[in-house]
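Working notes, structure below.
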Amino acid sequence: MEKLAVLYAEHIATLQQRTRTICEQEGLEGLVIHSGQAKRQFLDDMYYPFKVNPHFKAWLPVIDNPHCWIVVNGSDKPKLIFYRPIDFWHKVPDEPRDFWAEYFDIELLLQPDQVEKLLPYDKAKFAYIGEYLEVAQALGFSIMNPEPVLNYIHYHRAYKTQYELECLRNANRIAVDGHKAARDAFFNGGSEFDIQQAYLMATRQSENEMPYGNIVALNENCAILHYTHFEPKAPQTHNSFLIDAGANFNGYAADITRTYDFKKQGEFADLVNAMTAHQIELGKSLKPGLLYGDLHIDCHNRIAQLLSDFDIVKLPAAEIVERQITSTFFPHGLGHHLGAQVHDVGGFMRDETGAHQAPPEGHPFLRCTRLIEKNQVFTIEPGLYFIDSLLGDLAQTDNKQFINWEKVEAFKPFGGIRIEDNIIVHEDSLENMTRNLLLD
């Protein structure tokens, strides 16, 4: 924690400088950032799990407290309005005394509707940053989520401070503990539900604390890209296991994926090993000055090579790419920025005005197309799947004649493969946070 405290000072200074620059540029007196508020379920007295405004948690590691506000102008000490009610029904957050508290002038808020007297009186040149526009309007804000401000902040959030990088390393440490426990639970014959519980136990984080819904898939379920069901019964036969799961540290996310063959031998195990080798090489290809979209193209070339090498498609790799067959087996992007959000912002931006960096032709669904630069953090997550609906579409095209349908049927019980690491780009080196923690 001592290291984080030292790095946090520089982090706050960086956020202050960014705020000062954009406020001067847009003629604003400051930003008022709202943590959010609890959402009640329809016709009920229960609330959905609270998810904090990412602009709020970028300033401080308070991710579980609604009705908080930050008032910041980039020059003066930021003001934190911290919600701390008198409440015998729920746990009340402790008064802030952590390493970050000294960087804020803190005022306690007893009731959400009492916040107006703690906010700037004249709000004409203050911009509200948050989700609840009706609340902002009721409080007298006329400037809400201005696009030039958001574009500027989103663009610069791709450049992580040293504090943020340390938080991401810690998130990876926690997640890797979970992945190792989940792997062991799979090889011990566990169900998807059993594996999920093993993961949560190892990370010491609840399901609601995870940065996204864990994907814990066995056998054919590995072909469902965003599979978030947890089957309580173990299958009669364990073939394969795909886990896409992260962890949270101070509001920053890990996002890691692994795929395993239960028997650790046979053609699917060989395919997993081959994909892992390609994934590692793709990770090593991250270099300042390259466009991330170009790595996505390289990934398709590598997927085509796998399809050819394993006789799934009876064509040389170059022709598989030319005929656009790879998108049937690899229908998503190579990866994305990672930070305070799992799919972190700024991935499509060419500059701080928000100018769009177009994806490569024929690849419209990427989550990142940006120029790679130092202090950025990326996921690298190639995949190869046997998805019934996409294979059905392929079977209606002229390309069906080149598919080894017998081989496809043999692989279907395994569902698919995805391998994902979290990588920091430094000026003259790469830091694979995930593999540095010895997750195979």
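The chain as shown is numbered from 1 upward.
The backbone N, Cα and C atoms fix where each Cβ goes, and this holds for glycine too.
Straight from Swiss-Prot, the features:
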BINDING   Asp244, Asp255, Glu420  Mn(2+) 2 binding site
BINDING   Asp255, His336, Glu381, Glu420  Mn(2+) 1 binding site
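Sequence-ordered, the extra residues of this chain that approach the Mn(2+) 1 site, with Cβ no more than 8 Å from the Cβ center of Asp255, His336, Glu381, Glu420, are Asp244, Ile256, Thr257, Gly335, Leu338, Thr379, Ile380, Asp421, Asn422.
Note: Asp244 (Mn(2+) 2 binding site) has non-local neighbours Asn214, Ile215, Asp255, Ile256, Thr257, Arg418, Glu420, i.e. same-chain residues 6+ apart with C-beta under 8 A of its own C-beta. Take the binding-site residues Asp255, Glu381: by the count of other Cβ atoms within 10 Å of each Cβ, the lowest one is Glu381.
Around the Cβ of His336 (Mn(2+) 1 binding site), a 10 Å sphere holds 23 further Cβ atoms from the protein chains shown.
Listed in chain order, the residues near the Mn(2+) 2 site other than Asp244, Asp255, Glu420 are Ile215, Ala245, Gly246, Ile256, Thr257, Thr379, Glu381, Arg418, each with its Cβ within 8 Å of the site Cβ centroid. Cβ neighbour count for Glu420 (Mn(2+) 2 binding site) (all protein chains, 10 Å cutoff from its Cβ): 22. DSSP classifies Glu381 (Mn(2+) 1 binding site) as coil under the three-state reduction. In three-state terms derived from DSSP, His336 (Mn(2+) 1 binding site) belongs to neither a helical nor a strand segment and is classed as coil.
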